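Peer 1: So Swiss-Prot lists these for the protein:
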- 3-237: domain 'ABC transporter' (DOMAIN)
- GLY35, PRO36, SER37, GLY38, SER39, GLY40, LYS41, THR42: ATP binding site (BINDING)
Amino acid sequence: MTIEVRNIVKEFGSFRALDNVDLRVETGELMALLGPSGSGKTTLLRIIAGLEWPDSGVVTIDGEDALAHGAAERHVGFVFQHYALFRHMNVFENVAFGLRVQPRKIRKSEAEIKKRVGDLLDLVQLGWLADRYPNQLSGGQRQRIALARALAIEPRILLLDEPFGALDAKVRKELRAWLRNLHEEIHVTSIFVTHDQEEALEVANRVVVMDKGRIEQIGSPGDVYERPASAFVHGFIGESIVLPVEVRDGRVRLGDRDLDLGAQDAAAGPSKLFVRRHDVTVGPSGSGVFEGAVKAVRAFGPMQRADIVLNDLGSDTLIEIDAPRDHSLKVGDRIGLQPQRYRIFADR
């Protein structure tokens, strides 16, 4: 079941939430819409669902004009961040609700509904909670029940709006793996919205990075992480060191000094050098492109994070690097830093 969005524009007063957005979701794909608040990701999801209407543009589902139909006619399963379970209904009745309110001509028999709900509760591994009420469930259990309810009507597509946003970090991580494995079983064309970069990279087949109502990049998790298409994507996904540089005559300058780094075909002028924290090799003073002094060191897990004062930037500017614990960095150490991978983007 393919989804295609072409030239979608949506404005709220003077604010343009979506600016000529084009997107195609392939049959059976699990796609993430990733971006900060206000990037347009939830608005795009709601337009696909039929909960919002664009000012202009085209939305098709399996080749049909979706904008000619309301939300109910699009046969979409929708999962909200805050579950939206009916508190007065037990788990079984919540999952069965969508089946029981279908038009009579397509409604299943009570025996079929019972079997369908039982199968779904087994699928989400919560059959033993069929008689419980929402207030008797954990947050993770409620979200799985909400997903089972969305799947009950056998939707053509499944849309999830920040599905794990209300859960604590440990439960979120568990449910990411669970959702990815579940999708491998059901193969329903699915789109989920998130602002969590790790979540998008871990769960999705493809990631759509959005900012200010536009799509910055579409690609596999590996593509958007390893080959970011813009300064925004590099800065938003992962943790980066960002340095103000200038490209001049094919060389990269930081302050008054030429760096021994290629300009990567960047245009001449003010630019920004992006380096991921873990892509910097730490060595003795004089061994790298940059020189600095260790200002502070903090341990976390197998790594240590150090605040470094670079010679080129002055004492008021710190950068952070990640290094293995066995480097035994100490406050006051003079060190050399060598970027292993980096990107240069024009400073707009």
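Every residue gets a Cβ built from N, Cα and C, even glycine.
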Peer 1: Output the one of GLY35, PRO36, GLY38, GLY40 that, of all these binding-site residues, has the highest number of other Cβ atoms within 10 Å of its Cβ.
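Peer 2: Highest number of other Cβ atoms within 10 Å: GLY35.
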Peer 1: Suppose we draw a 10 Å sphere around the Cβ of SER37 (ATP binding site). How many other Cβ atoms does it contain, all chains included?
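Peer 2: So the Cβ neighbour count for SER37 (ATP binding site) comes to 7.
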Peer 1: I'd like to know which of the binding-site residues SER39, LYS41, THR42 has the most other Cβ atoms within 10 Å of its Cβ.
Peer 2: LYS41
Peer 1: Quick one: mean pLDDT on the domain 'ABC transporter' (3-237)?
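Peer 2: It averages 92.
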Peer 1: Using the recorded ATP site (GLY35, PRO36, SER37, GLY38, SER39, GLY40, LYS41, THR42) as reference, state which further residues of the same chain have their Cβ within 8 Å of the centre of those residues' Cβ atoms, listed in sequence order.
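Peer 2: Other same-chain residues with Cβ inside the cutoff are HIS195, MET210, ASP211.
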Peer 1: What three-state secondary structure does DSSP assign to THR42 (ATP binding site)?
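Peer 2: Helix, per DSSP.
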